[in-house]
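Engineer: Take a look at what TrEMBL says about it:
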- 12-31: transmembrane segment (TRANSMEM)
- 24-277: domain 'G-protein coupled receptors family 1 profile' (DOMAIN)
- 43-67: transmembrane segment (TRANSMEM)
- 82-103: transmembrane segment (TRANSMEM)
- 115-138: transmembrane segment (TRANSMEM)
- 158-182: transmembrane segment (TRANSMEM)
- 224-245: transmembrane segment (TRANSMEM)
- 257-280: transmembrane segment (TRANSMEM)
Amino acid sequence: LAQDESCALVGTILIIVDLVTFLGNTIVFICPALEKRLRTVTYMFILSLATADLLVACLVMPFSIIYEVTGIWLFGRLFCKVWISFDVMFCTASIVTLCFISLDRYSTSAFSRCILMTLAIWVYSSMISFLPVMQGWNEIPGVDFDAERECIFVTNRTFAIVASALAFYIPFLIMCTMYFFIYRASRLKAARIMSQALDIHYHPKSKRQNSLQLENKATRTMSIIISVFVLCWLPYFVFNVYIAVCGAEPNNNAIHLVFKIITWFGYCNSTINPMLYAFLNHDFQRALKKIIVCHRWGAQVDIGGDMVSIVTFSKTVQDQELSPKSITVRYLGTELDAHETGTIITSHT
């Protein structure tokens, strides 16, 4: 009885995670129809990310929940391979899209280039998922499981190392590098713009305070992006390589339990992504309020608090556009208006 209650509790929690993932990523698709300012090249990457995460919620999580609750794989050996391929493909597409979002923020992408990059993401993800899994390149000779009752993703040493590098470690290094460059460039550019834009009436102390505030928000935003990504996916890929390299028995109950837990940590990244890459955007909040039926509640909603918006990061600010009379700086989604009076107004926070 206690075991049944435990399974029911776990199943309920996982269903809630799945529903939240589905709802959050569905809203990401709806909002551009309600808010024209979201129809940008950058938001196309957000839609690609939402597509991958939505497919995780529709084609990966439900079968995993059934498997976890019943303890038996009910769908046969062939669909086991298909399901594992979906799992690898959609999760890889989600991770690689996060990488491309960081690249897009560092260097402005044209619409046609964005389309090509999005197609490349999905072709790349399918090539390191369906092709090797369906061909059995991941399998270990002599190691098998009961295909009528189990569906275990067994990986040999070569596949574990190569696939983990292609799906996680390389995109992770690119993300860290790009966000470091973005943060460094943002600090330098904000300091230069403010020093050029502000006239002699501006109080130096206020200038330093606002510069420090921008730098702190940028640091916090970058830290959250990297921390959430690492927290969700690093345990899985470290453990996956560890099992393959150290020759741990994949059918071991303890290892199997740990593997299931950290796999769901990775799935949760698909739950959190809409909140990080869309919900904190000021324009997205405006569209979300239009969806909420109750006008009174919708008028009071302020998603994200004082969090900096990270979707509308402006990659470049042309120096020739600088004017001592009026300047608007898009800094990680935060607008700074510097006027003749030397006043700085911070909005979208």
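From the backbone N, Cα and C atoms, a Cβ is placed for every residue, glycine too.
Bear in mind that TrEMBL entries carry predicted annotations, made automatically and left uncurated.
A description of the local structural setting of each listed feature is requested, covering burial, neighbours and distances.
Structural biologist: Listed by sequence, the residues of this chain that lie at least six past the ends of the transmembrane segment (12-31) yet keep a Cβ under 8 A from its Cβ atoms are 38, 46-47, 50-51, 53-54, 56-58, 61-62, 64-65, 68-69, 264, 267-268, 270-271, 273-275, 278-279, 284, 287-288, 291.
Sequence-distant contacts of the transmembrane segment (115-138) (same chain, at least 6 residues past either end, Cβ-Cβ under 8 Å): 44-45, 48, 52, 81-82, 84-90, 92-93, 96-97, 100, 104, 109, 153-156, 159-160, 163, 166-167.
Remote same-chain partners of the transmembrane segment (224-245), defined as residues 6 or more beyond its termini with a Cβ less than 8 Å from a stretch Cβ, comprise 95, 98, 155-157, 159-161, 164, 167-169, 172, 175-176, 179, 255, 258-259, 262-263, 265-266, 268-269, 272, 276, 310.
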Engineer: Please figure out which one of 43-67, 158-182, 257-280 racks up the most CB pairs under 8 Å against the transmembrane segment (82-103).
Structural biologist: 43-67
Engineer: So what's near the transmembrane segment (257-280) in sequence-distant terms, Cβ-Cβ under 8 Å and 6+ beyond its ends?
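Structural biologist: Apart from its flanks, the transmembrane segment (257-280) reaches 14, 17, 20-21, 24-25, 27-28, 31, 46, 49-50, 52-53, 56-57, 60-61, 64, 68, 91, 94, 98, 101, 224-225, 228-229, 231-233, 235-236, 239-240, 243, 288, 303-304, 307-311, 333.
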